[in-house]
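Summarising the annotation, Swiss-Prot assigns DNA-binding region to 172-235. Under the heading compositional bias 'Low complexity', Swiss-Prot lists 21-35, 139-153, 240-255. Per Swiss-Prot, the feature compositional bias 'Pro residues' maps to 106-126. Marked as region 'Disordered' by Swiss-Prot: 1-35, 106-181, 226-255. Per Swiss-Prot, the feature site 'Required for DNA-binding' maps to MET224. Among the features that Swiss-Prot reports, zinc finger is placed at 45-93.
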Amino acid sequence: MEFRGHDEPVDEMGVAYGRTPPSSSSSPAASASAGNGAGAAEVRYHECLRNHAAAMGGHVVDGCREFMPMPGDAADALKCAACGCHRSFHRKDDGQQQQQLRLLIPSPPTPRVPLLMPPPQPQPHPHPQHPYLHPPFPYHHTPSGSGGTTTESSSEERGPPSSSAAAAQGRRKRFRTKFTPEQKEQMLAFAERVGWRMQKQDEALVEQFCAQVGVRRQVFKVWMHNNKSSIGSSSGGGSRRQPQEQQSQQQQQQQ
């Protein structure tokens, strides 16, 4: 006898023998745990930033360079085994700082094509002026009331140093003064009267004579010093009169 229709197909049960149905709840949990583990591995705590001298107004750190969790329960694991400080005092590095730095770094500028410009023309350099090439100062001419030709005397006058002479080794330039024959005669006569010397008591008389002749006091003093040995010795030094008599003679000459 054959019995048909009593065999049940295996596929109708919905589950095949020897196969394990996939678990929908296990994969998200595994992926979440894997994600948390990867995130925890990226976070690192570096040197300790705790200020141990904050109460005194200073700044002192303990020198701990990296956080090491203390063995024990969860509360002890938040303390550093090296310095004993809480993990919050250590600098946290979650790996995002380097990524932010990469974003903040500007991109290198694009090179620009230089414009084809003509080469600049060389400019002529000014020739440096030598201090000795400056023209000398003109001769000092003294005014003369009677006129006549001027003769060069042996007296020398020290003029004010120019800027170029001061820059060139600080040398002073000496200038010769020219006198007329009338000026020389008057200076010779006055020098014989005062004895070829200038004394303090004759300063007013000397100033008056220099203003009358048109010669500066320093110039007359140098001239008298240069000609004292030659002219003064030949004339015997002259006879020196009193200042009152000299003033009276000068007043008479002016009248």
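Glycine too: its Cβ is placed from the backbone N, Cα and C atoms.
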With an 8 Å cut-off on Cβ-Cβ distance and a minimum sequence separation of at least 6, pull the same-chain contacts of MET224 (site 'Required for DNA-binding'), or say none.
MET187, ALA191, TRP196, MET198
For MET224 (site 'Required for DNA-binding'), the three-state class that DSSP assigns:
helix
Could you give me the DSSP helix, strand and coil counts for the DNA-binding region (172-235)?
45 helix, 6 strand, 13 coil
Local confidence of the prediction over the zinc finger (45-93), expressed as mean pLDDT:
90
Based on DSSP, tally up the residues of the zinc finger (45-93) by helix, strand and coil.
6 helix, 12 strand, 31 coil
